[in-house]
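Asks: Would you mind keeping the following structure in view while I ask a few things?
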Amino acid sequence: MQITLQKSSVAKQSSIQITGSKSESNRLLLLKALYPEISLENVSNSDDSNLMTNALTTGSDLVDIHHAGTAMRFLTAYFSVQEGREVTLTGSKRMKERPIEVLVKALQELGADISYVENEGFPPIKIKGKKLTKHKVSLKANVSSQYISALLLIASKLENGLELTLEGEITSVPYIKMTLSLLDEIGVSSSFEGNIITVKPKNNSEQSKTLTVESDWSSASYYFSIAAISEVGTEITLSSYKENSLQGDSVLVDIYKHFGVRAVFNDNSVTLKKVSSNLEPLNLDLKNAPDIAQTIAVTCFALGIPCDLTGLHTLKIKETDRLVALKNEIEKLGGSVDITEKSLHLSASTTINELVSIETYHDHRMAMAFAPLALKTAIIIEDAGVVSKSYPTFWDDLKSIGFKITE
Ligand SMILES: O=C(O)C1=C[C@@H](OP(=O)(O)O)[C@@H](O)[C@H](O)C1
Ligand SMILES: C=C(OP(=O)(O)O)C(=O)O
């Protein structure tokens, strides 16, 4: 489905209810499968979380998780400890290009039985669930934090818990801390000191517990961008959010101050207020918040602000090579972008080409990051349904605040 966004403006005051965090949901869904006494509220309605739920409840020996990276990695660990169960875990064409070797190797060293079905180091994989007997392993920490979270999520079920030694620079650290915080909420103790993480087996009694998932901060990023590109005085209220979030992408609150957006927390929501304009260049290291890189690059382009974004080494192995995708599409719009393997430089530009058709590369964040440009000029988004990976109601929500969208 291709959609056209006419040049639009947003209401002076509006509000949006965003669904639960995909990252928190996919961790908690796995923990609920291990500890059924847990109940969840505000679970994400994303495709990736629905796929996770189905994978955890199906009896099938073939599990296809499509584009869902966290589901692929977390389920690899989960099925490794399902004694007596044999599962082939597969995904989309792109998922078969997203590396999984670091995680598979670590699980194998702990005693897991995993083999590659097609290409060495990549999905699909065949897992024969068994009891893991070892409890210490080292793994590379600079490729994806999802491998580390996957191991941590099953750790409390291992007889002696787990001690992980992280090698090299640790990427996407807030996601690892999110995993440990959620373990803590269900009564699992852990420590993270230097490059060593330890998790103890869970031995306290089975008490029922309800956990409420905070709404998704990566989804909120598109409204920070909309607020930044809108007139001074625009206010957008998002729920349900809290000031002390487990999600690293809540760093948006600080980053968007640069664009004159002030975030004010109320009881259960946050109001984004465009209070001033600023055209200063932006320099940012995003190794702790890779999923908001596209949003920020497009905000800068819309406002004609040059930026240097670093710490982007994980972007090449996400839903698409996001560095190449950003360069291609911003340049179609008239911008100038230089990329390396781990950084992006956007030059200042003054014009934005009209009615450019944005290719989305099966990447939800390409579609959502470019949408706010409709506040500047009409734009076409190809394969717009791709947003359902994390935010199925995105286009309806944009319409509700004033965007003019036609199919
Ligand atoms: O653990 C998680 O929920 C995630 C970790 C990050 O991945 P990397 O650690 O691979 O950067 C992030 O990009 C992804 O969207 C979600
Ligand atoms: C990278 C992402 O997801 P995943 O790795 O879980 O596919 C994302 O949502 O931006």
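Any Cβ shown, glycine's included, is placed from N, Cα and C.
TrEMBL entries are annotated by machine, without manual review.
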Asks: For the 3-phosphoshikimate site that TrEMBL lists with LYS22, SER23, ARG27, SER144, SER145, GLN146, ASP291, LYS318, give the additional residue from the candidates SER172, SER269, SER343, SER347.
Replies: SER172
Asks: Looking at phosphoenolpyruvate and its recorded binding residues LYS22, GLY69, ARG98, GLN146, ARG322, ARG365, LYS389, figure out the farthest C-alpha pair and report it in angstrom, whole number.
Replies: 19
Asks: Measuring CA to CA, name the entry from the recorded positions SER145, ASP291, LYS318 that ends up nearest ARG98 (phosphoenolpyruvate binding site).
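Replies: When the Cα distances are compared, LYS318 comes out closest.
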Asks: Non-local Cβ contacts of ARG365 (phosphoenolpyruvate binding site) (under 8 Å, 6 or more apart, same chain)?
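Replies: Expected: SER218, ASP291, GLN294, THR295, GLU319, ARG322, SER390.
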Asks: Roughly how many Å lie between the Cα atoms of LYS318 (3-phosphoshikimate binding site) and GLY69 (phosphoenolpyruvate binding site), rounded to a whole value?
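Replies: Rounded to a whole number, the Cα-Cα distance is 8 Å.
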Asks: Between the Cα atoms of LYS389 (phosphoenolpyruvate binding site) and LYS22 (3-phosphoshikimate binding site), find the distance and write it as a whole number of Å.
Replies: 9
Asks: Enumerate in sequence order the binding-site residues ARG27, GLN146, ARG322, LYS389 whose Cβ-atom distance to ligand 1 is under 6 angstroms.
Replies: GLN146
Asks: Between 0 and 100, where does the mean pLDDT of the domain 'Enolpyruvate transferase' (57-398) sit?
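Replies: On average, pLDDT over the domain 'Enolpyruvate transferase' (57-398) sits at 97.
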